[in-house]
Amino acid sequence: MNITDTPDTDSIPAAQSVNRLFAQIAPAAAETVAPFVERLFAALSHGNTFIYISQAEADALAQAAPLVGSDASSPVVLHGRRLFIAKYWHLEKQLAAEIQRLSAHTPRQPEKPLAELLANWFADDTSRDQRAAAALALLKNFVLISGGPGTGKTTTVAKLLALLHRQPAPRTALVAPTGKAAARLTESLHRASAAIPDLDAEAQRYLASLTGQTVHRLLGLKPPQMQPEYHAHNPLPLDCVLIDEASMMDNHLLYQLLAALPSHCRVILLGDADQLPSVGAGAVLDALSHNHQMQPETTTALRQLLPDVEHFPTLAEQHARLTISHRFHAQSGIGNLARAVQQGSASAWHAIAEHPNELFAQPRNLAALVAQLYQHHTAYWQAIRAGNLAAAFAEQSRLIVLTALRHDAEHINNLYRTLLQQHGHTRPQSPWYAGQIIMITRNAPSQQLYNGDIGIIMQPENDGNDLRACFPSESANGSGYRSIPLSRLPEHETAYAITTHKSQGSEYEQVWFAAPAQAPYSRALLYTAITRAKQQFVYWGDEAGFQAACAHNEHRNSALGMFLKEG
């Protein structure tokens, strides 16, 4: 049994409940199916949508009707030697159909000298991958642009949107899975747009008007029912949608979004296929990045847009890879470490010693980590005492502690609170205190707060002892922040330390990664933690755990790629 077959505490009762129901429906078949249900739920808890079984097992299950069948009319689906819970088989079939529907449309080309503009706007030799990606995205209605941090995904898209701009301007939505990622997308796109040479005033206004939002907000998904306002029978009035941090999108959320788009709507996904996959089941980027070689007609069309280019090694039919990092130079410690981990290199650990100004390794000692964290937070607590919210948020974004396990994040936050009590920062008998950093963990559209949003608890001037939660906002008063009473806060948690999953879509000057004491973790998780850092990365753990993570290239079982090929 491998790690993906190992049940977690949540999957066991779910499997037991299903097996009890199956025993009532078809007792004889249920006896055959029961052990596979347990394996299926264990696999789901690790993000897999199916399990592989032996031919002998498949032959036995083929006789377990009505519980097992070849389509979603049975609760368990057998597809060759792949075994699914019907819900996930059906979802991946639906998602593949939506991708194919949107891919089938031939997009209208803007009436501009495209080859000339592509050459002018991507003139630097280091931007050749970006130029090829923009050209492919002009030709395709559905495209994935993938690349690591600093490879220019947002820069490429800013120029692409400027090329697509025409009168009237395309109705465009920028979305990301979390509020933090949506805010970063807006900031990055506007910064990249300002750097485009010879951009006409209309295109400048169009790009400046674009702001990111969460997928939930775009679809109108509101608790508790979470039924979308927009769907196949009430599609979004859009001509183009840009989806950032697509690696965080699970099958269900991406399906809901694509199903709500009209067939002519361009879809551009941005993401890093080497990062952690979504929390929910599926591996969308993996499927899309391995799908379809270049068709001859696509090659011919690309040569018209890129007449000076003979070969397109970074392009596939609907996938463009960006391979040159503009954030990390060739000698960058963080860049070299990320590449070594990405490749599973046995020498990755040695990169830490080779770059002592950027990379550090410390033994796992959470008490020592917390003590050093408090020392590094000196300027942060000075800003809190001064009531300087802008400075407090700036300091908060400089350093984050990341973990592989939720338990470790909670433990570090509790240790930090104990230290704060010793220094007089907390309030007796109160869970809140001025300076407490929190993360929203459930979308609350009515409060305009979304999963992943970071806030700081503050005591406003002239407001007695009342504390309020403050969040960045394009507020009417121009301060850039808004505050809400603590009684109106949606679900949240303290966030001096957070899991690496929750850090996706964010960047920090410094990242401290607290490796698990014993539990295995994946190469993708370590790579994701490293690439959140812009200037410094500190690994709190031992070499053995680091090397084991580099060697552990966890692959999810997903049938999306298979269904896309089947057509």
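Each residue's number is its place along the chain shown, starting with 1.
Any Cβ shown, glycine's included, is placed from N, Cα and C.
Predicted, not measured: the structure shown is a model, and the values here were computed from it.
Under the heading domain 'AAA+ ATPase', TrEMBL lists 139-298. Per TrEMBL, the feature ATP binding site maps to G147, G148, P149, G150, T151, G152, K153, T154.
Counting every protein chain shown, the number of other Cβ atoms lying within 10 Å of the Cβ of T154 (ATP binding site) is 21.
Compute the center of the Cβ atoms of G147, G148, P149, G150, T151, G152, K153, T154, which mark the site for ATP; besides them, the chain residues with Cβ within 8 Å of that center are D272, L322, S325, H326, R327. Under the three-state DSSP scheme, G152 (ATP binding site) falls in the coil class. Here G148 (ATP binding site) comes close to D272, D274, L322, S325, A338, Q342, T531: these same-chain residues lie at least six apart in sequence, with C-beta atoms under 8 angstroms from its C-beta. Of all the Cβ atoms in the protein chains shown, 20 others lie within 10 Å of the Cβ of P149 (ATP binding site). According to DSSP, G147 (ATP binding site) sits within a strand segment.
Counting every protein chain shown, the number of other Cβ atoms lying within 10 Å of the Cβ of K153 (ATP binding site) is 26. Mean predicted confidence for the domain 'AAA+ ATPase' (139-298): the pLDDT average there is 92.
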